[in-house]
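What Swiss-Prot annotates here:
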type	residues	note
BINDING	166-173, 191-195, 212-215, 292-295, 321-323	GTP binding site
BINDING	Ser173, Thr193	Mg(2+) binding site
DOMAIN	2-159	domain 'Obg'
DOMAIN	160-340	domain 'OBG-type G'
DOMAIN	358-438	domain 'OCT'
REGION	462-486	region 'Disordered'
Amino acid sequence: MSRFIDRVVLHVSAGKGGNGCASVHREKFKPLGGPDGGNGGRGGDVVLEVDGNVHTLLDFHFHPHAKATNGKQGMGSNRDGAQGDDLILRVPDGTVVLDEDGRILADLIGVGTRFEAAQGGRGGLGNAALSSKARKAPGFALLGEDGVERELVLELKSVADVGLVGFPSAGKSSLVSVLSAAKPKIADYPFTTLVPNLGVVSSGDTTFTVADVPGLIPGASDGRGLGLDFLRHLERCAVLAHVVDCATLDPGRDPISDIDALEAELAAYKGALSGDAGLGDLADRPRIVILNKADVPEAAELAEMVTPDLEARGWPVFTISAVSREGLRPLTFALAKLVADYREAHPKAEPKRQVIRPVISNENSFSVVADPEIPGGFIVRGTRPERWVRQTQFDNDEAVGYLADRLARLGVETELVKQGAEPGASVTIGNVSFDWEPQTPAGVDLTRTGRGTDPRLDQVERIGATERKHASRIRRGLEGLDPEDQ
């Protein structure tokens, strides 16, 4: 029998982008073939997708690490590297995705709903894509970016219309088994139910789902018993039904005190989805009271005695027996009406396949702040500057010059001057620190060797066919040198 796991910590790693290729086209009779290095392939994404055939997070419990494939490196002849394959992770309907700080990133409801858990790194550009009028034959390419790597918390919260709450052995599982075709484990000892059981109930034209939550005890909201682990499964329920054991022989227990104790736990529990689900806190949900085990004579008398007090609270009260099936028909109609009223008040949006992606910030923005650890130093923060640094081959002078041009065009140099940076000041971008030297406007060469130039392009004097034929005959000794060449 498979274990029910409803909370896991998942470490996801997207694929790394492939490096670009620095290559020059070589072909017979084409001395100036030009750059032909292809771009690197994009790394694969890690995607969570709701699958109707998955009902637990068990797979992630045993395999908590998920990594997508990397993109391939670009090649010559303008051949781009292959993209990495996306890794699709199947999750149950009702999975909530949280970050390390407990913030909700996505609430996955509906088969086919997707969430991009980790984005693959961009592939680096090859030198063919980097060529321009000023840089006709770049001798460098850009490196691929690393994929996003993060830890996520996955929590499964059952998607049900009605949640059954009650003390252990109150008969919740028995009630689900007679209302629906579900076959939960039933026995005469406490905490028989260790996992939520879902059942589908049909009443007239209304079909709804019922969730049997493991038994609650006082202190469940503080972690006593099993309640803290399973109270989350009530967060999506539109209607809460108290299932009360009227035949209990435990001292100090009666239907009124049981309901009061459970109400205190529901009021104390603050679910993460209460506001997002649009249902309010658990204490605000519609209630219905089910007095169970009326087939026992003493239980039937007790149910009749406490019914007026419970009805005075404004809650519908039903006396039933899950064993003899007494009172099930009116109970089913009442539950169906409560669910139908809720659906009418909260119309469901048109079903569609949703894809949830992280919000992309403004990539052009950056900031320059003083370095608190290095006097006179500065730290540059921003999406683009940090990405450009990660893409740069610092052992290639042309690549470093290209990075300087990009930073100048973005306005980083201007901002450093405004902040009072002196020549030679330490500047940190990402994980790279360097001594800053002011440059002239972007595109003007300050290095000894030109950035991205091909010396063959400076050969303006061409040798004609006659001269090449004469030189060939001289090499073979068929002719002598001209007097002016001697």
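Note: Cβ is positioned from N, Cα and C throughout, glycine not excepted.
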Distant-in-sequence Cβ neighbours of Lys293 (GTP binding site), under 8 Å, six or more positions away: Gly171, Asp245, Cys246, Ala247, Ala299, Ser321, Ala322, Val323
Distance from Pro214 (GTP binding site) back to Ser173 (Mg(2+) binding site), taken between C-alpha atoms, in Å: 9
Surrounding CB atoms that lie within 10 Å of the CB of Lys172 (GTP binding site), all protein chains: 31
Ser321 (GTP binding site) - helix vs strand vs coil (DSSP): strand
Overall pLDDT of the domain 'Obg' (2-159), taken as the mean: 89
